[in-house]
2 protein chains.
Amino acid sequence: MPSEFNLIRQFFERPQSVRRDDVVLSIGDDCAMLTVPAGKTLVVTTDTMVENSHFYPNIAPYDLGYKAVATNLSDLAAMGAEPAWISLALTLPRADETWLSEFSRGMFELLNARQIQLIGGDTTYGAALSVTITAHGFVEKSTALCRHQAREGDEIYVSGTLGDGLAGFHLLSDLFHERKSAGDFCEEFLIRRNLHPTPRIQLGQALARYRISRCALDLSDGLVGDLGHILERSRLSAILDLDALPCSDALIRLYGREQAERLALQGGEDYELCFTLSPDKKPLLEQYAQEFDVPVTRIGRIVAANEEKPIRFRRQGKDIELQISSFEHFF
Amino acid sequence: MPSEFNLIRQFFERPQSVRRDDVVLSIGDDCAMLTVPAGKTLVVTTDTMVENSHFYPNIAPYDLGYKAVATNLSDLAAMGAEPAWISLALTLPRADETWLSEFSRGMFELLNARQIQLIGGDTTYGAALSVTITAHGFVEKSTALCRHQAREGDEIYVSGTLGDGLAGFHLLSDLFHERKSAGDFCEEFLIRRNLHPTPRIQLGQALARYRISRCALDLSDGLVGDLGHILERSRLSAILDLDALPCSDALIRLYGREQAERLALQGGEDYELCFTLSPDKKPLLEQYAQEFDVPVTRIGRIVAANEEKPIRFRRQGKDIELQISSFEHFF
């Protein structure tokens, strides 16, 4: 590894970062050594963010560090897992001290807040900036939230608001291509929602631990596409109430309700949870949602498999036809 | 994810690949779910290979798949760990069916031979071809081979032969830049040693399990640089016998003994183990080395810390001066 990469050590082995008791050996040997608590199952997820595919080259390094961690934690949240450790594979066109300092600041802000330890990784040179994080956590096997565990009659819920991530992405694209200049507070809100998604860790853990839900995923490719994964794996179908889709005031103000709904259905990068539960679990859900201050909204229900129409849409109680394509990164 | 990426599923969820009992949930959900055996400690390592930094763009996809797995398994071997699972983050400029078929064939050849399961990952588009693998394995905490555990008086050993990886790299560079055409069997041997390194998994596990060694690493950046990590972490120094350095016949035939020695000292990408042991463990080491058919060679010994000269070199019993720079990928 090139000698100037020595400076990386100072940014990724920070004395103020979290030291967990279950980390026997961290950065600096061939491998990290880790203890998984007795009775717990290990969960592992990997996400890559590549320049010009997942972010524009002008992204602030702080935002990139934050978002790369957040999107991985969102996958852990979607299993109902407790996050523990991450590995970081960072590919850089050059080693720039200010850039690394800001990137690591964004990363450690979220890691430290959640008591998660960086346990190792690899830093390499390459033409394109790229961040791959592998996140590790724990869950009780019997309570994990899996995509194949939806049941007929379950209500479908989402956390937070939908469509903000995709709207923020469009705004970032406009800014990058100089089609417009920096915007008002609504635009700023949506951009922030894209760059700083909130992994719903507490909610996911409560859904699992208190057996509120058996089935969840995180919305990274858009509600229609992602709900499709639940339906495919569970071999069921769904009816969605368009009127119920939770959209932020900022999204509605900028796009109007109808376009906001489309963004909510199609939108990628929301990193909210979509989960299903038996109607009798509603009081328990509302109790924990209130405790964690996370809005949750019932947006439809799981029904028997309908191969022709895995998802049917309703507005004001009536079936309507909608063509929604799933979100694809840039391409 | 772009729709053409659906074809990836057919290459990474192959029915003939290994299914381990400790994998509760594999590819297809937000996370993989995994069981770590009671009493064992989890080990995790991450390695990235990027186009034009770690390999030339003309690398055969089979070789890339093989080498990406091998280099990660080499890190597990250096801890004395038993490999279990890998996650794959693959960034591709385009999705090419033949390329993916060959890449996955190289990867699964090694995975299946070692009973290792691919448990998930992320496939993305990006301008530069890049492979990041996170490998997981198990080890008993008390027997793990760590860099800081060398002791004064230990003998230093290496497995296999040294310098082949770097020589193979130079030959690949010549071929890529068309400075020469395909070579004789010696050159082919060295290129193969670079592209298909042999992770010393059985040897590493025996060193740990039978308490032959407490300290090892794998030689990825060259003997002088990597041994330096052991010495730094163990706060000790070393004396190396240049005459003892094990070099392949092919290397000596092509470069002569003196240049072969330099390649052995400086050479990166050998992926052999360097380890230390108390002299009384020699018979046990030789027994297992013979059983696994892995050559091992004593190349020096660990001595008290000498801050001015962490590594001293000897030839025919006499101290000599040598300046060796560590291997750096391409740059």
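Placement of Cβ uses the backbone N, Cα and C atoms for every residue, glycine included.
Sequence annotations record features per position, and here TrEMBL assigns Mg(2+) 3 binding site to A:D30, A:D75, A:D218. Proximity of A:D30 (Mg(2+) 3 binding site) to non-local residues of its own chain (separation of 6 or more, Cβ distance below 8 Å) is seen for none.
Under DSSP, A:D30 (Mg(2+) 3 binding site) is assigned to coil, being neither helix nor strand in the three-state scheme. What TrEMBL records for A:D30, A:T45, A:D75 is Mg(2+) 4 binding site.
In the three-state DSSP reading, A:D47 (Mg(2+) 1 binding site) counts as strand. With a cut-off of 8 Å between CB atoms and residues at least 6 apart in sequence, the same chain places A:A68, A:T71, A:N72, A:D75, A:T132, A:I133, A:A135 near A:D47 (Mg(2+) 1 binding site), listed in sequence order. Annotation source TrEMBL lists Mg(2+) 1 binding site at A:T46, A:D47, A:D122.
Under the heading Mg(2+) 2 binding site, TrEMBL lists A:D47, A:D75.
Taken from TrEMBL, the feature substrate binding site applies to A:H54, A:E269, A:F327.
Marked as ATP binding site by TrEMBL: A:G121, A:D122, A:R147, A:S220. Listed in sequence order, A:F12, A:I27, A:S87, A:L88, A:A89, A:L90 are the same-chain residues six or more apart from A:G121 (ATP binding site) with CB atoms under 8 A from its CB.
The Mg(2+) 5 binding site annotation in TrEMBL covers A:D221. Reduced to three states, the DSSP call for A:D221 (Mg(2+) 5 binding site) is coil. In the shown protein chains, 21 other C-beta atoms lie within 10 A of the C-beta of A:D221 (Mg(2+) 5 binding site).
What TrEMBL records for A:28-139 is domain 'PurM-like N-terminal'. Across the domain 'PurM-like N-terminal' (A:28-139), the model assigns an average pLDDT of 93.
Among the features that TrEMBL reports, domain 'PurM-like C-terminal' is placed at A:151-309.
Reported as a whole number, the C-alpha separation between A:T46 (Mg(2+) 1 binding site) and A:E269 (substrate binding site) equals 16 Å. Rounded to a whole value, the Cα-Cα separation of A:D218 (Mg(2+) 3 binding site) and A:E269 (substrate binding site) is 9 Å. Of all the binding-site residues listed here (A:T45, A:H54, A:S220, A:E269), A:T45 has the Cα closest to the Cα of A:D122 (Mg(2+) 1 binding site).
Secondary structure at A:D122 (Mg(2+) 1 binding site), as computed by DSSP, is strand. Comparing the Cα of A:T45 (Mg(2+) 4 binding site) with the Cα of every entry in A:H54, A:S220, A:D221, A:E269, these being the binding-site residues, the smallest distance points to A:S220.
The two recorded residues, A:H54 (substrate binding site) and A:D221 (Mg(2+) 5 binding site), show a Cα separation of 12 Å. Look at A:E269 (substrate binding site): DSSP puts it in coil.
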